[in-house]
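Trainee: This is the structure I have questions about; it appears just below.
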Amino acid sequence: MSKAGGNKGGSRTGGRGGAGSSNLHVRVKKKAGTIKESSRRWLERHLNDPYVHKSRQDGYRSRAAYKLIEINDRYNLLKKGQKIIDLGAAPGGWSQIAARIVGSTDENPQVVGIDYLHVDPLPGVILLEMDFLDDEAPQKLMDALGDKPDLVISDMAAPTTGHRRTDHLRTVHLCEVAADFAVSVLKPGGHFLTKTFQGGTENELLALLKQKFRSVHHVKPPASRAESVELYLLARDFKG
């Protein structure tokens with residue numbers, strides 16, 4: 001699935017407060033007929049984003065890696081030896097983080113990621129290049145992992161249309177499908193983390209999560225841009 005804002009690397013170092021800053025501000029000049037104003041603003045913001053710079057320095061696939069790092073720093077979700085499924089894995093930052101923290105290796109892979117977009121190989125990660133919404137996807141994920149997961153993570157977001165309510169509804173649908181999958185495969189005591197957009201229509205999703213998990217949290221990590229409507233739902237301690 002495509003990601004809003006570019007997505008998802010490592011140890012828990014480099015989390016909260018670790019993005020750094022620079023006094024150098026890059027401005028993108030607009031030449032007539034070459035670039036839309038909205039595209040120019042996005043590119044300028046991207047070039048001046050401290051998380052983008054830090055992700056390159058730290059060797060993470062994307063700035064979204066810090067979102068998972070920061071959430072994990074707060075809730076201690078990832079532990080050595082766990083098995084993880086990453087939905088909408090491209091470009092691989094969340095799988096990268098998960099594999100390093102849980103100790104996944106090529107000889108004993110404990111992380112499986114899926115995306116219809118190509119993801120370059122990652123150490124310790126099995127990557128499936130297919131749409132999670134395909135009927136065969138859930139079974140292929142379970143076959144690849146070989147056991148029930150301890151954690152299902154999803155940074156999926158539908159391609160944006162520019163219409164806020166439409167984008168919200170499409171992403172909530174992905175969250176609902178991911179949640180249905182999680183409650184059908186998680187180990188008792190497992191956790192589910194998914195991206196959603198603020199918009200007030202996720203009542204059914206929240207009701208499902210509150211029924212199936214012992215606690216549900218709304219989380220906005222510091223790496224999420226302040227102006228972004230993205231939000232994360234964390235459902236902890238699956239009742240089984």
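Quick reminder: no glycine exception, Cβ is built from N, Cα and C everywhere.
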Trainee: In Swiss-Prot, the S-adenosyl-L-methionine site includes Gly92, Trp94, Asp115, Asp131. Which of Asp73, Asp147, Asp150, Asp155 does it also list there?
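Mentor: It is Asp155, as the record lists it for that site.
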Trainee: Give me the largest Cα to Cα distance among Gly92, Trp94, Asp115, Asp131, Asp155, the residues the record lists as binding S-adenosyl-L-methionine, in Å as a whole number.
Mentor: 17
Trainee: Express the distance between the Cα positions of Asp131 (S-adenosyl-L-methionine binding site) and Lys195 (active site, proton acceptor) as a whole number of Å.
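Mentor: Rounded to a whole number, the Cα-Cα distance is 17 Å.
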Trainee: Please report the Cα separation of Gly92 (S-adenosyl-L-methionine binding site) and Lys195 (active site, proton acceptor) in Å, rounded to an integer.
Mentor: 15
